[in-house]
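What Swiss-Prot records for this protein is below:
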BINDING   Asp78, Asp80, Asp82  Mg(2+) binding site
BINDING   Cys79, Cys95, Cys102  Zn(2+) binding site
Amino acid sequence: MTQFDPATLRYDVNGLIPCIAQQEGTGEVLMMAWMNADSVARTLESGRVTYWSRSRQAFWVKGETSGHVQELVDLRVDCDRDCLLAVVRQTGPACHTNRRVCFYTSVTSGEEVELMAPE
């Protein structure tokens with residue numbers, strides 16, 4: 001085993017890396033958000049998934065205001081080290097639209113189909 005260092009990840013020109021959140025047990029993809037090296041470190045230290053909000057230019061602890069927290073179970077690095085997978089225990093909906101997942105729209109035969117309503 002090797003000690004993990006967030007600085008070894010491959011960030012984009014803005015110092016960000018995409019992170020996909022996946023529900024523990026089911027494997028359901030919940031959402032994608034951005035992290036920087038500090039939010040990766042905070043996530044690992046606290047066990048609460050912490051993203052970087054590009055619009056607010058601030059840390060975003062998932063569920064801090066909504067109560068829809070993501071408890072980190074496992075953090076995985078892809079083969080190119082330029083994308084993360086956070087396996088989480090999600091409390092409540094993951095999406096800010098109050099849906100279980102952010103990927104609730106399907107494109108089928110050129111048409112958009114909404115797969116789920118808000119909870």
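Placement of Cβ uses the backbone N, Cα and C atoms for every residue, glycine included.
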Around the recorded Mg(2+) site, report the further residues of that chain (criterion: Cβ within 8 Å of the mean position of the Cβ atoms of Asp78, Asp80, Asp82; site residues excluded), sequence-ordered.
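Checked against the 8 Å cutoff, the neighbours are Arg10, Val77, Cys79, Arg81, Cys83.
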Would you please pick out, from the binding-site residues Asp78, Asp80, Asp82, the one with the fewest other Cβ atoms within 10 Å of its Cβ?
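Asp80, out of the binding-site residues Asp78, Asp80, Asp82, has the fewest neighbouring Cβ atoms within 10 Å.
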Any idea what the Cα distance is from Cys95 (Zn(2+) binding site) over to Asp82 (Mg(2+) binding site), rounded to a whole Å?
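Just about 23 Å between their Cα atoms.
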Where among the binding-site residues Cys79, Cys95, Cys102 do you find the Cβ with the fewest other Cβ atoms within 10 Å?
Cys79
Using DSSP, would you call Cys102 (Zn(2+) binding site) helix, strand or coil?
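Once the DSSP labels are grouped into three classes, Cys102 (Zn(2+) binding site) ends up as coil.
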